Structure formats: structure tokens, C-alpha cells
Amino acid sequence: MERLLDNKFSIEDVHEESLRPKTLEDYIGQQKVKEKIKIFIEAAKKRKEPLDHVLLYGPPGLGKTTLANIIANEMGVDIKVTSGPAIERAGDLVAILTNIGENNILFIDEIHRLNRTIEEVLYPAMEDKKVDIVIGKGPSAKTIRLTLPPFTLIGATTRAGLLSSPLRDRFGIIERLDYYTVEELSQIVMRSASILKCDIEKEACIEIAKRSRGTPRVANRLLRRLRDYAMVKHTGSITYEVAKSGLEMFEVDEYGLDLVDRNILEAIVYKFGGGPVGLSTIAAAIGEDEGTIEDIYEPYLIQEGFLVKTARGRVATQKAINHIAKIKFNVKESGDKR
């Protein structure tokens with residue numbers, strides 16, 4: 001079953017390509033990053049040069065891929081999209097690099113997952129526009145150095161710390177994308193609803209934004225599910241009341257936490273006395289993968305002040321303890337009424 005608040009890319013997101021902004025002007029949020037990128041693009045165009053290599057990092061779902069496509073659009077060049085896990089051999093990367101058109105963009109998502117051997121192919125390509133290919137095998141094999149046309153590499157990662165220093169140092173532009181504000185997300189929801197031809201109240205947009213974990217991808221996914229809910233259970237319009245009842249049915253609370261988030265906090269608070277407790281122990285307690293907890297759930301819980309990461313393990317904050325106690329009380333109260 002798909003996790004509604006998952007900020008990872010899903011197949012459904014492919015079908016909502018129309019929701020992606022195409023220009024910096026339409027791109028909502030990340031104001032400081034946008035201002036800098038706009039200057040870099042204008043300067044590159046005036047010099048008639050490709051944009052310097054760009055590294056975009058930050059939590060999933062914040063618009064790194066969208067921004068890469070916007071940069072290509074603003075530069076008036078083509079973009080080739082691939083990902084770290086998809087490039088399995090050095091030859092795969094060489095083939096991509098030798099087929100890039102002049103001043104075009106190569107976008108590598110999850111660039112931190114590139115194999116180190118493959119990564120080394122990028123070093124001369126990024127610095128000197130050169131790439132080495134080996135022809136033949138054994139003692140008779142020869143290395144030929146090819147010259148590449150000028151190009152821009154845009155790398156995106158959720159784990160900037162996993163990038164090797166030699167690779168990271170070759171990016172001239174490094175920008176972090178941060179979580180969005182409620183106001184920014186509300187604007188994104190309103191824009192998406194307009195594109196989807198979905199009738200929605202401003203208050204409903206704000207309610208969706210509050211529960212979207214600071215992430216546009218989550219906001220758009222909640223909007224699509226509420227569109228279904230409003231169509232089947234109500235008149236089709238998403239009012240504040242419809243949004244609130246739908247989100248409650250989807251078990252997304254006022255902080256944007258879902259059942260898995262609450263399971264993590266409950267385990268720390270009730271099973272381990274509030275912590276500190278190790279990641280592997282939490283994973284075993286709730287039946288979830290360690291990497292999934294660390295990459296998908298923890299960043300938002302830490303950002304919102306529910307969790308603290310210490311050398312001895314994870315610790316639940318007073319905010320988390322109060323929130324979990326409130327949920328338990330509400331569940332007990334509704335059970336007593338029945």
C-alpha cells in the first residue's frame with residue numbers, strides 16, 4: 001500500500017507532469033536559491049557559455065528535479081535525465097557523455113549512489129571536457145581520450161554527506177533546498193487545483209499545506225486524494241470541512257504525521273521511556289527498515305521538534321510526548337463514548 005505522505009517519487013507523479021512549473025517565475029518557494037540561479041543563468045547566457053555544474057541537495061520531494069528542468073528551459077537547452085543507480089558501468093556513463101549536445105544539461109538524480117569507479121569518469125569530463133575510452137582487451141587494449149562539447153552537469157541528492165570530496169569540489173554551484181512554508185505550499189496547492197480543474201476553498205488549501213510535511217510532492221498527492229474523496233463522498237468541491245474530514249480519514253494529523261510517524265514516536269515514548277534508543281532497535285520495534293526511518297521519517301520529525309538525534313540514540317521531545325498522549329486520550333475518549 002502506498003504511503004500517502006511518502007515524499008519519494010511514485011508512478012502516479014509521472015502522470016501529473018502538468019503540475020510542474022516550467023519557469024523560475026512559476027516556481028513557488030526557495031526564493032534565495034531562485035534569485036541566485038537566475039543570476040547564474042543570465043550571466044552564462046550573456047557569456048554564451050554553459051551554466052557551471054550544479055549540485056542540488058535536500059530532503060526528497062522539494063523540487064530538485066523540477067528545478068533542473070526549469071534551468072534547462074531557462075537556458076534554452078536540452079536535458080538528459082538519468083540517476084545514479086541506473087548507471088551500472090563506466091561505459092554507460094561514457095555513452096551518455098559522448099552523446100550530449102553542445103551546452104546541454106545532464107541531470108543525475110541520486111548522484112550519491114554512483115559507484116566510485118564510475119564517478120571517476122566524471123572528474124575529467126567536468127573539469128576538462130575530456131573522457132577516456134578503452135578500445136580492445138588485454139595487452140593490446142588502447143586508451144583514447146575524447147573531447148566532449150561544453151555541457152552542464154546537474155546532480156541531485158538527499159545525502160550530500162555521502163558524496164566524495166573530489167566530486168563535490170567539482171561543482172561550481174551548490175544549493176540546498178529547504179522545507180516549504182505553509183503559505184508557499186498553500187499557493188502550490190491552489191495552483192495545482194487550478195491545473196486539475198478542481199474547485200477548492202482557500203481555507204482548504206491552507207489545511208492541506210499544514211499537513212504536507214513542508215513538501216510540495218506530498219501536498220500535490222494529498223490534493224489528488226482529496227479530489228477523489230470530495231467527488232465520491234461529497235459534491236466534488238473541496239471545502240475546509242471536506243478537506244479536514246478527508247485528511248482525518250487518511251489518518252494525517254494536524255502536524256502532517258501519519259500512522260508510521262506516530263508508531264515511531266509511540267515506540268520511543270512508551271517502549272523505551274522516551275529514549276535515547278538506537279535506530280536498529282526502533283526499526284525492530286515497529287517492523288520498519290532502518291534506512292527508510294533514517295531517510296524518510298526522521299528528517300521531518302527532527303525538523304518539527306518531535307525528535308532529537310544524539311550520540312547515544314534518538315530521544316523524544318516534550319512536544320512528541322504531549323502529542324502522543326493527546327492522541328491516546330482522544331482515542332480512549334471516543335472509545336468510551338461508544
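Every residue gets a Cβ built from N, Cα and C, even glycine.
Copied from Swiss-Prot, the annotated features are:
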- LEU19, ARG20, GLY61, LYS64, THR65, THR66, ARG170, TYR180, ARG217: ATP binding site (BINDING)
- THR65: Mg(2+) binding site (BINDING)
- LYS309, ARG314: DNA binding site (BINDING)
- 1-180: region 'Large ATPase domain (RuvB-L)' (REGION)
- 181-251: region 'Small ATPAse domain (RuvB-S)' (REGION)
- 254-338: region 'Head domain (RuvB-H)' (REGION)
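In this structure the alpha carbons, written CA, of LYS309 (DNA binding site) and GLY61 (ATP binding site) are 22 Å apart. Rounded to a whole value, the Cα-Cα separation of LEU19 (ATP binding site) and ARG314 (DNA binding site) is 37 Å. Nearest in space to ARG314 (DNA binding site), taking C-alpha to C-alpha distance over the binding-site residues GLY61, THR65, ARG170, ARG217, is GLY61. Within the set of binding-site residues (ARG217, LYS309), the lowest number of other Cβ atoms found within 10 Å of a Cβ is recorded at LYS309. Taken together, the residues in the region 'Head domain (RuvB-H)' (254-338) have a mean pLDDT of 86 on the 0 to 100 scale. Across the range of the region 'Small ATPAse domain (RuvB-S)' (181-251), the DSSP-based residue counts are 51 helix, 2 strand, 18 coil. Classification of ARG314 (DNA binding site) by DSSP places it within a strand.
Residue with the densest Cβ environment among the binding-site residues ARG170, ARG314: ARG314, by other Cβ atoms within 10 Å.
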